[in-house]
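Feature annotations, courtesy of Swiss-Prot:
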| type | residues | note |
| --- | --- | --- |
| BINDING | Cys33, Cys47, Cys50, Cys56 | [4Fe-4S] cluster 1 binding site |
| BINDING | Gly86, Lys87, Gly88, Gly89, Val90, Gly91, Lys92, Ser93 | ATP binding site |
| BINDING | Cys259, Cys262 | [4Fe-4S] cluster 2 binding site |
Amino acid sequence: MAPSLETPESIDDVFANPIKQKPQLVAPEPQNCVGPDSQQAGKADSCAGCPNQAICASAPKGPDPDIPVISARLENVKHKILVLSGKGGVGKSTFTSLLAHAFATNPDSNVGIMDTDICGPSIPKMMGVEGETVHVSGTGWSPIWVMDNLAVMSIQFLLPNRDDAVIWRGPKKNGLIKQFLKDVEWGDLDFLLVDTPPGTSDEHLSVNSFLKGSGIDGAVMVTTPQEVSLLDVRKEIDFCRKAGIKILGLAENMSGFVCPKCSNESQIFKASTGGGRALAEEMDIPFLGSVPLDPRIRMACDYGESYFDSFPDSPACLAFQGVVKNLAMQLGLDSQDVLPDE
């Protein structure tokens with residue numbers, strides 16, 4: 001018989017309380033125990049003399065008191081967008097950086113990126129602010145400003161050395177994500193983009209739980225044409241549906257290559273099962289568009305420059321503009337207001 005994974009008692013409780021765990025007791029619960037999750041745990045008369053008293057008294061109980069604080073901090077953020085993909089290496093962080101630069105081309109729009117890829121933060125490098133450090137004031141942490149209307153917050157800014165590994169378990173990751181939402185002075189933003197790691201792990205559960213009170217507009221899925229990528233994106237779509245996160249659409253990255261010499265398009269990563277468009281139709285979600293491969297995107301990210309400013313007429317830039325306009329429609333916005341024509 002094949003092994004099976006243990007199913008949680010309530011999936012809804014997993015989404016609602018991603019970091020609330022039953023304390024690890026050192027002895028069985030006595031007959032008159034009020035319960036380790038009770039508000040009186042460790043304090044009731046029946047707790048006297050119990051080996052678990054100190055453990056139960058220090059365990060978190062009830063609703064997270066920081067949720068209202070987060071909602072108040074983000075009350076002036078108009079749109080909160082998650083960028084997700086079940087698969088690593090599909091260009092999700094690259095997509096986030098391109099999307100931020102696209103939104104920021106409108107000088108009237110203020111944009112923020114929150115990098116929740118705790119163990120592999122690459123957004124600072126792509127935005128050209130890798131060597132910056134966070135300033136802490138009496139009112140909170142100041143994000144790093146890439147330009148007048150584009151800010152970034154990442155764990156990379158908190159590391160003593162650029163190459164330091166972040167070897168953290170879930171609770172520490174969750175705590176930092178909460179700080180990014182609760183303590184960072186995001187100010188008035190039109191768009192807050194949340195770059196996430198691959199999969200459906202602690203980071204995703206925490207972001208969803210912490211932002212429930214202030215509202216998430218939805219998630220953008222990023223994939224490449226291969227079925228290996230699509231398999232994991234299906235799981236990510238299922239995660240969003242179970243978590244109650246609206247799926248704003250799916251974008252296919254690295255979709256073909258347009259030769260700069262002859263303009264002929266080649267399918268380097270040819271779709272074997274229909275690619276992103278077919279998956280969007282299968283899962284009944286909007287298809288935002290396809291962005292072709294362009295080595296200059298990699299170059300712009302390596303040098304921390306805006307691909308939109310450097311290569312505005314390239315096939316990939318024009319395709320990405322279409323993705324942005326389709327996303328604007330899903331947000332209920334006028335595409336001309338989000339990405340004005342020159």
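Numbers here mean position along the shown chain, with the first residue as 1.
Here the Cβ of each residue, glycine as well, is placed from N, Cα and C on the backbone.
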Given the binding-site residues Cys33, Cys47, Cys259, Cys262, which one's Cβ is surrounded by the fewest other Cβ atoms within 10 Å?
-> Cys262
In angstrom units, rounded to an integer, how far apart are the Cα atoms of Gly88 (ATP binding site) and Cys259 ([4Fe-4S] cluster 2 binding site)?
-> 26
What other residues of this chain sit with their CB within 8 A of the center of the CB atoms of Gly86, Lys87, Gly88, Gly89, Val90, Gly91, Lys92, Ser93, the recorded ATP site?
-> Ser85, Pro198, Val222, Thr224, Ser229
One of the binding-site residues Cys33, Cys50, Cys259, Cys262 has its Cα closest to the Cα of Ser93 (ATP binding site), namely Cys259
Just checking, which of Lys87, Lys92 (binding-site residues) has the fewest C-beta atoms within 10 Å of its C-beta?
-> Lys87
Closest of the binding-site residues to Val90 (ATP binding site), Cα to Cα, picking from Cys47, Cys56, Cys262?
-> Cys262
Using DSSP, would you call Lys92 (ATP binding site) helix, strand or coil?
-> helix
To the nearest whole angstrom, what is the C-alpha distance linking Gly91 (ATP binding site) and Cys262 ([4Fe-4S] cluster 2 binding site)?
-> 26
Spatially closest candidate among Cys33, Cys56, Cys259, Cys262, the listed binding-site residues, to Lys87 (ATP binding site) (Cα to Cα) | Cys259
Taking all protein chains shown into account, the Cβ-based neighbour count within 10 Å for Gly86 (ATP binding site) is 23
Whole-number Å value for how far Gly89 (ATP binding site) lies from Cys47 ([4Fe-4S] cluster 1 binding site) (Cα to Cα) = 51
Neighbour count check, CB within 10 A, over binding-site residues Gly88, Gly89, Gly91; minimum at Gly89
In whole Å, note down how far the CA of Cys259 ([4Fe-4S] cluster 2 binding site) lies from the CA of Gly86 (ATP binding site).
-> 30
